[in-house]
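Student: Summarising the annotation, TrEMBL assigns Fe cation 1 binding site to Asp3, Asp41, Tyr44, His217. Residues or ranges marked as domain 'Calcineurin-like phosphoesterase' by TrEMBL: 16-218. TrEMBL lists Asp41, Asn80, His180, His215 with the feature Fe cation 2 binding site. Summarising the annotation, TrEMBL assigns N-linked glycosylation site to Asn86. As annotated by TrEMBL, disulfide bond applies to Cys135-Cys194.
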Amino acid sequence: LGDWGGLPEPPFVTPRQLATAAAMGQAATERGGDFVLALGDNFYYEGVRDEWDPRFQDTFERAFVSPGLRGVPWYVMAGNHDHAGNVTAQLRYSRHSPRWYGPLCPRVTPSVPESPRGVLTRPCVPQALPTPCACSWGVPTVSPGPVGVRDAAAAAAHLAWLRAQLEAAAGDRFVLVAGHYPVWSVAKHGPTPCLLRLLRPLLRRHRVTAYLCGHDHNLQYLEEGGVGYVLSGAGNFMEDSRPHEGSVPPGSLRFFFGSPASPGGFAHLRLEPSGATVTFLEATGRVLHRVTLPPR
């Protein structure tokens with residue numbers, strides 16, 4: 001679930017966010033759910049002030065209340081709108097909520113029949129969270145996004161951490177990597193140059209199953225270089241423009257959904273010995289697209 005962060009004015013949620021939250025609870029009940037992976041932009045438009053900010057209650061705790069989500073942990077990463085506020089406060093909020101996990105999260109091993117090993121490697125961020133994508137901001141009038149390195153040391157540490165996790169996961173059946181910004185996208189923000197340069201080679205070299213992200217406010221699935229790209233940014237807003245269709249590899253886009261009339265959506269991943277099934281769901285419960293990725 002990405003880009004789900006309500007609004008900064010009362011009632012601090014949107015109808016689309018509430019519809020998506022309800023559908024997620026139903027999906028967790030019917031399809032199973034070990035955890036929620038929150039892909040950033042958790043609080044529009046400028047994050048939170050501190051770990052006691054009422055937005056945690058108004059936009060998160062009182063919005064995701066379906067029985068199917070009770071006791072389900074959230075592994076949370078920060079998006080650009082979160083970095084506009086106090087990101088450290090979001091990390092510290094894990095002290096106040098039993099289901100909100102910041103950077104110090106354990107290795108997650110979902111229960112998978114006939115699987116002797118953990119199948120998912122650490123859906124969390126490094127202990128020392130760098131700036132967004134360890135990249136700097138672009139000029140707002142030119143589609144904001146990371147365009148270069150702001151802190152070279154933080155960028156190097158982040159990449160070294162990720163490289164070590166991928167090397168340690170060499171024997172795992174599936175590996176998912178997640179971030180806020182897309183590697184590939186046909187929508188408003190398009191591909192992210194610094195991720196194409198720094199992250200994409202790692203995903204391909206280590207045969208990562210899929211990269212999950214948000215940032216663009218729609219649902220997309222692309223495949224390139226043996227990696228699945230799952231974009232799920234429809235938790236609060238929906239946009240159907242596709243200005244970057246010519247910026248992705250030919251034939252890589254397999255699915256796109258961004259209807260402004262839609263009540264929102266998210267992606268459900270089910271890991272089984274035979275494959276990782278990604279199901280894109282509209283907040284109505286309608287299945288929009290499904291793809292199964294093979295074990296590594």
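Using N, Cα and C of the backbone, Cβ positions are placed for all residues, glycine too.
Note that TrEMBL annotation is computational and uncurated.
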Student: Of Asp41, Asn86, Cys194, His217, which recorded positions come within 10 Å of Asn80 (Fe cation 2 binding site), going by C-alpha to C-alpha distance?
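Tutor: Matched recorded positions: Asp41, sequence order.
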Student: Tell me the Cα distance separating Asp3 (Fe cation 1 binding site) from His215 (Fe cation 2 binding site), rounded to the nearest angstrom.
Tutor: 6
Student: I'd like to know which of the recorded positions Asn80, Asn86 has the most other Cβ atoms within 10 Å of its Cβ.
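Tutor: Result of the Cβ crowding comparison: Asn80.
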Student: Applying a 10 Å Cβ distance cut-off over all chains shown, what neighbour count does Asp41 (Fe cation 1 binding site) have?
Tutor: 28
Student: Within 10 Å of the Cβ of Cys194 (disulfide bond), how many other Cβ atoms can you find? Include all protein chains, please.
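Tutor: Result for Cys194 (disulfide bond): 18 neighbouring Cβ atoms inside 10 Å.
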Student: Taking just the CA atoms, what is the gap between Cys194 (disulfide bond) and His180 (Fe cation 2 binding site) in Å?
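Tutor: So the alpha carbons of Cys194 (disulfide bond) and His180 (Fe cation 2 binding site) sit roughly 13 Å from each other.
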